[in-house]
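According to TrEMBL:
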type	residues	note
TRANSMEM	15-34	transmembrane segment
DOMAIN	16-74	domain 'V-ATPase proteolipid subunit C-like'
TRANSMEM	55-74	transmembrane segment
SITE	Glu62	site 'Reversibly protonated during proton transport'
Amino acid sequence: MDIVTLAEVSGNISVLGYGLAALGPGIGMGILVGKALESTARQPEVSGRLQTMMFIGLGMIELLGLLGFVAFMLA
C-alpha cells in the first residue's frame, strides 16, 4: 500500500468519525428540547427558568459537536 492510498483511507475514516461524533449531540439536542417542551406544557409557571437551563444544556451539548469537528480537522 503506497502513501497516497493510505492518506485517502485515513481521510475517509476521519470523515466517518466526524459524522458519528455529530450524531450523538444531534440526538441529545432533540431529546433535551423535547423534554423541555413537555415540561413547559406540564408546568407553564417554570418556563422561564427551564428555558434558561435548556439553553445552558444546549451549549454544553454543542461543545461536544465542536470538539468532534476540531478532532476531525486535526486528524
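Think of each number as a place in line: the chain as shown, counted from 1.
Every residue, even glycine, has its Cβ placed from backbone N, Cα and C.
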Inset, instruction - Take the transmembrane segment (15-34) and find every residue of the same chain, 6 or more past its ends, with a Cβ under 8 Å from one of its Cβ atoms. - result: 54, 57-58, 61-62, 64-65, 67-69, 71-72, 75
Legend entry - Cβ-Cβ under 8 Å with the transmembrane segment (55-74): same-chain residues at least 6 beyond its ends: 14-15, 17-18, 21-22, 24-26, 28-29, 32-33
Inset, instruction - Work out, from DSSP, the number of helix, strand and coil residues along the domain 'V-ATPase proteolipid subunit C-like' (16-74). - result: 58 helix, 0 strand, 1 coil
